[in-house]
Amino acid sequence: MSLSNKLSIRDLDLKNKRVLIRVDFNVPMKDGAITNNNRIVQALPTVKYALDNGASAVILMSHLGRPNGEAVAKYSLKPVAAEVEKLLGKPVEFLNDCVGPDVEKACQSATGGKVILLENLRFHIEEEGSAKVRWSKVKADAEAVKKFRASLTALADIYVNDAFGTAHRAHSSMVGVDLSQRAAGFLMQKELEYFAKALENPARPFLAILGGAKVSDKIQLIENMLDKVNALIVCGGMAFTFKKTLDNVKQIGKSLFDEAGSKLVRNLVKKAAEKNVKLVFPVDFVTADKFAPDANTGYATDADGIPDEWEGLDCGKKSSELFREEILKSKTIVWNGPSGVFEFDAFANGTKSVLNAVIEATKEGATTIIGGGDTATAALKWGAEGKVSHISTGGGASLELLEGKELPGVTALSSKN
């Protein structure tokens with residue numbers, strides 16, 4: 001799966017065409033009101049581009065929440081239609097369903113640059129292909145899925161996918177729209193462009209910074225990165241599993257230890273040596289007497305070890321300096337996983353200092369990519385937008401790409417040639 005060879009909305013002639021755009025309008029809501037419209041704002045450049053380039057109609061489809069394959073009023077996209085209308089500055093017609101004869105008729109007769117928002121795709125079990133009933137999963141009927149996908153296909157002439165955050169899911173709206181031109185929108189294109197820079201043709205030295213809790217959860221990620229990078233910083237909770245297994249530290253107290261992951265550590269270290277990948281671990285820690293924002297804090301080094309009733313919740317100043325040196329040597333940097341429990345102020349400095357070093361490296365010309373999820377949350381919290389090359393919008397999707405997996409929603413896009 002080449003990331004850099006996918007058809008983009010810029011490659012298409014949109015004049016007098018109906019354009020079906022899969023957006024990600026999965027926005028937080030409270031009492032029927034949108035509490036953060038960022039995802040809607042991010043989708044607008046693709047919508048505006050289609051309108052500015054003569055599309056006869058733009059039809060938007062999205063999911064919201066987890067309604068489990070049935071219509072649930074609190075997950076209706078109706079409030080989103082009003083927000084899109086406000087931000088676009090033009091009327092948006094909201095349809096009460098996303099498939100079926102009435103929806104097909106409304107979309108097929110739309111002209112003059114009309115904008116339509118369909119109701120939540122996940123109100124139908126056929127979107128995700130299954131639903132949870134009590135403790136078991138019920139699969140959607142294959143014939144019904146085919147019909148659902150055919151109805152989505154009937155809505156437009158061209159399909160555009162701008163929902164990178166759902167690209168790792170083989171849902172009907174991601175892989176089942178059978179139009180001859182299936183292109184990436186601007187958000188999707190930017191994600192593919194930057195991940196291609198890292199995974200297909202990185203400027204070197206190439207550094208990965210991997211944090212998070214469990215080695216066993218990140219095994220595929222570490223394995224895949226060891227095949228690609230020149231150096232790897234291991235931080236966050238999973239560093240303790242490495243350090244204890246390799247006897248690099250006297251004792252780790254109550255710090256996270258991943259028993260299953262510990263069995264994989266020696267092979268990973270061996271692979272790093274074979275591939276000539278430099279491994280960098282923290283050497284000192286900010287410790288806590290409990291896992292809480294109001295915990296008493298302490299300090300420990302590898303040589304001292306962490307006392308029995310204490311746990312490491314962040315890396316210390318010496319580690320931050322080590323990490324900074326490695327970051328500033330690098331020309332391509334991918335960061336996935338914070339280096340401490342940044343949600344608690346007392347244990348946020350390690351993650352903050354990694355972020356500052358990544359920003360510094362960006363200024364010096366490095367390509368810097370921050371994976372989605374917690375790392376993106378931390379980066380946005382401290383105002384890094386525009387100061388690093390790319391902050392991914394997809395937690396699970398970016399992780400799977402970095403693990404070397406194919407994303408169904410990307411595979412389904414047309415290639416340029």
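The backbone N, Cα and C atoms fix where each Cβ goes, and this holds for glycine too.
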### Summary
For the ADP site that Swiss-Prot gives as Gly212, Phe342, the extra residue out of Gly236, Gly365 is Gly236
#### Entry: In sequence order, the binding-site residues (Asn38, Ser62, Gly312, Asp374) whose C-alpha falls within 10 A of Lys214 (AMP binding site)
none
### Task
Using only the Cα atoms of Val23, Asp24, Phe25, Asn26, Asn38, Arg39, Ser62, His63, Gly65, Arg66, Leu121, Arg122, His168, Arg169, which the record gives as binding (2R)-3-phosphoglycerate, return the largest interatomic distance in Å, rounded to a whole number.
22
### Task
Please name the residue among the binding-site residues Gly65, Gly236 whose C-beta has the most neighbouring C-beta atoms within 10 angstroms.
Gly236
### Under 8 Å by Cβ from Gly237 (ATP binding site), same chain, sequence gap 6 or more
Gly211, Gly212, Ala213, Lys214, Ser255, Leu256
## Note on the structure
Between the binding-site residues Phe25, Phe342, the one whose Cβ has the fewest other Cβ atoms within 10 Å is Phe25
## Note on the structure
Residues lining the Mg(2+) site besides Ala213, Asp217, Asp374 (CB within 8 A of their CB center) are Gly211, Gly212, Lys214, Lys218, Gly236, Gly237, Met238, Gly337
### Query
What is the separation, in Å, between the Cα atoms of Phe342 (CDP binding site) and Val23 ((2R)-3-phosphoglycerate binding site)?
30
